[in-house]
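Engineer: Below you will find the structure I want to go over with you.
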Amino acid sequence: LHSDIDSGDGNIKYILSGEGAGIIFVIDDKSGNIHATKTLDREERAQYTLTAQAVDRNTNRPLEPPSEFIVKVQDINDNPPEFLHENYHANVPERSNVGTSVIQVTASDADDPTYGNSAKLVYSILEGQPYFSVEAQTGIIRTALPNMDREAKEEYHVVIQAKDMGGHMGGLSGTTKVTITLTDVNDNPPKFPQSVYQMSVSEAAVPGEEVGRVKAKDPDIGENGLVAYSIIDGDGMDMFEITTDYETQEGVVKLKKLLDFETKKSYSLKVEAANVHIDPKFISNGPFKDTVTVKISVEDADEPPVFLKPSYIFEVQENAASGTVVGKVHAKDPDAANSAIRYSIDRHTDLERYFTINAEDGNIKTIKALDREEIPWHNISVFAVEVHKQHQEAKVPVAIKVVDVNDNAPKFAAAYEAFVCENARSNQQFITISADDKDDSANGPRFIFSLPPEIIHNPNFTLRDNRDNTASVLVRREGFSRQKQDLYLLPIVISDGGLPPMSSTNTLTIRVCGCDSNGSLLSCNAEAYILNAGLSTGALIAILACIVILLVIVVLFVTLKRQKKEPLIVFEEEDVRENIITYDDEGGGEEDTEAFDIATLQNPDGINGFIPRKDIKPEYQYMPRPGLRPAPNSVDVDDFINTRIQEADNDPTAPPYDSIQIYGYEGRGSVAGSLSSLESATTDSDLDYDYLQNWGPRFKKLADLYGSKDTFDDDS
C-alpha cells in the first residue's frame, strides 16, 4: 500500500485491520507492504476483507480516510474426490435385461468448480466387469450381461472410481465399494427327485393319521419357491388326501377314511406339485409343475368289533313289566377270523340297574318298571368284545326313551286360598284357578273343571270352565256373613285329556272377608269383627287403665309387707351360724385336711373382697315353705339338710354359689337346738348325744366328739 502524500521521510505510518489482520496478514508500517504469515486454504476460507489507513507517525492523526480491499485465495487441485458412502448395497432382479439401472453413486470434490478442472469428476469401474458398467458422468451402475442367474451366483462386488481434472493425467481420485445382490424370480419349476414313492399304512389307522411325505425341489426361494401339492388321479383319491407343509415344503399324505385290509390291500395315487406364484414374464420356461406316483399298501391289523350303527335309539312304555324287550344291538368282527361277540352294559351309565342285556344276541330288556316323570330318557353304553380276545372291544351309545302313559291325575297348579267379600254380588268372579299334570302333553291338557255331582247345585258358589285349562269360581248368591260362617270348602274335580282320562278332586278354601265399597279387603278375622262390634275404643282404654291401677296397688302392697318383715339376720350373742359345705369329691377320707381349703369353701366370695351375705339386707323376703322340723332325738337329719338345700336353691336372694349353700339364720325357738360344735364346747349342756351312735358312719365324727363326753368326765 502506498499513500500519495508519503514523501518517504518516514513520517507516515500504515495501519492494517480486518479479517485475519495481525494473525494471517501483517503490514510493514513504513513501506505499506502486506505479507501472509501462514499457508492459506481456499477450502477453509476463500477471501478476506481488510482495511488500511495512513496516519501520522507522531500524532496518529489519520492523513487519509481508511481504504477497504479484498484478498481472494486462488484455488489449486489439492483435494481428491470423496464418495458419500464408503460402501453401497444394491439389488437387481436376476435375468434382468442389459442396461438395467442398479444404483447411482455420487462423489464430491472440495476444490473450486469455477476455476479450472480441479472439481470436474469422471466415474469408471475398476472391479465388476463384465457384469456391470458405470456411466462416466452420472455414476449410474447398470447391468452389462443378460440372463444373470441367481442360482449360479447371487452376489457381486464392484469397485467404482471417481477422478478429478476430467480424468486426465495428474488428477486426484477416490473409490467406493458396491455390493450388488441378485434377487430371485420364479424362473425354475419344481421337480421330484424320483418318479415313484412307496408307502404303507395299517388298516387300524384313524382318519387324519399321516401315511408319508413327498417333496419336490425348487431352487427358487421365498414365495417363488412355494409349492402346493394335490392328488389328481388314482384309485385312492377317496381314501387319502394330501396337504402342504409350508415350513418344510413337503406334501403330507394323510388317511381320509378308514381302511379295510380284507376289502382292498393297496392303492395308487398321482400327486402333482405346482408353484403357487408364477411370474408371467417367465411363463415360457414352464410348465411350473411336476407329477409323481405314490403307491400305498394296506397292512392287516387285529380290529375290534364294529357295531352296525354308530348309535341306537329305542322306546319303551313307562310302567312296563320287568323283562320287557327294549331293543337289540348288533356288532361283528371285521377280521377274517370273524370271532364271536359278547355284549355287556357299562354299569357306570346304568347305576340304578334299570336294564340288562343278553350277552349272546344283544337283546336289551328292562329289570324294573320305569317312570317317565322321574327319568324321561335313559342313556346307556353297550360294550362288545371278542370272545377270544378280550382286549378288543367296541362301545356304542344307546338312548332309551320312556314313552308316557296317563298315570298321573291333574292337580291344582298352586295352593289356592280364595277370599270373597261379604257384600259380593251374584255371579261375581273372585278367583281363577289352573292345573298341572306330571304326564306328557299328550296325556295332560286340555283340563276339564267341574263340581262333584253331589254339589252340582251348590247354593253358594258355581264353577265356570274357561276351556283354556283354567276355570273361574263365581259367587252364586249375595249376603255372606262372617258371624254365621267365615270359611267354605269347595271341592273341584279336574280331569285331563289322556286315554283313559284321569281325574282328581281338589279342595278350594274360601274365606269370607269384610270389604269396603270398592271391594278392597279390610279384615278376614271373625273374632276381631265381633270385638269391634261389641266394644268401643273408649271402653277398651278404660279396661286397660283399670288393669294398670290394679297392678300398681299389688306392687305397693307387696313393698309395704316386705318392710314390716323381721330381718333374717339377728345380731345376738346366742345366735350361732354354721355353713354346710357340699362337694362331690370325697378326697382322702375323714383325716384328709389338705384336699380342700375349708376357709375358702365357707365363703368363696370373701377372697375377692366380696361382702359376706351376713352384712347384706335382702331386698326381697323369701318365704320358706313349711316343712317338718325333726325333734332332737329324730334321725331325719338327711331330710332336714335336703329341705334346707332345696329352699336355698329356690331362694332368689341367695348368692349363686354352685356348690356352697350358706345357712345364716336358724330361726328363734328352734325345737331342734343348735348343731354347732362351737357353742357346745363353751356351754354346759344337759343334752344326751348318745343317739348319734345310731345315725351311721356319716355322723361318726360327731358321735366321737359328743357321744363320749360323760365317759371323758368319769375318766378325769
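Positions of Cβ are set from backbone N, Cα and C atoms, glycine also.
Annotation source TrEMBL lists domain 'Cadherin' at 3-83, 84-192, 193-307, 308-412, 412-529. If you look up TrEMBL, you'll see 539-560 marked as transmembrane segment.
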Engineer: In the predicted model, what is the mean pLDDT computed over the domain 'Cadherin' (308-412)?
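Structural biologist: The predicted confidence over the domain 'Cadherin' (308-412), as a mean pLDDT, is 90.
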Engineer: What are the helix, strand and coil residue counts for the domain 'Cadherin' (412-529) according to DSSP?
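Structural biologist: Going through the domain 'Cadherin' (412-529) residue by residue, I get 10 helix, 53 strand, 55 coil.
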Engineer: May I have the DSSP-based helix, strand and coil counts for the residues of the domain 'Cadherin' (3-83)?
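Structural biologist: Split by secondary structure, the domain 'Cadherin' (3-83) comes out as 0 helix, 33 strand, 48 coil.
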Engineer: Give the residue counts of the domain 'Cadherin' (84-192) per reduced DSSP state, in the order helix, strand, coil.
Structural biologist: 3 helix, 47 strand, 59 coil
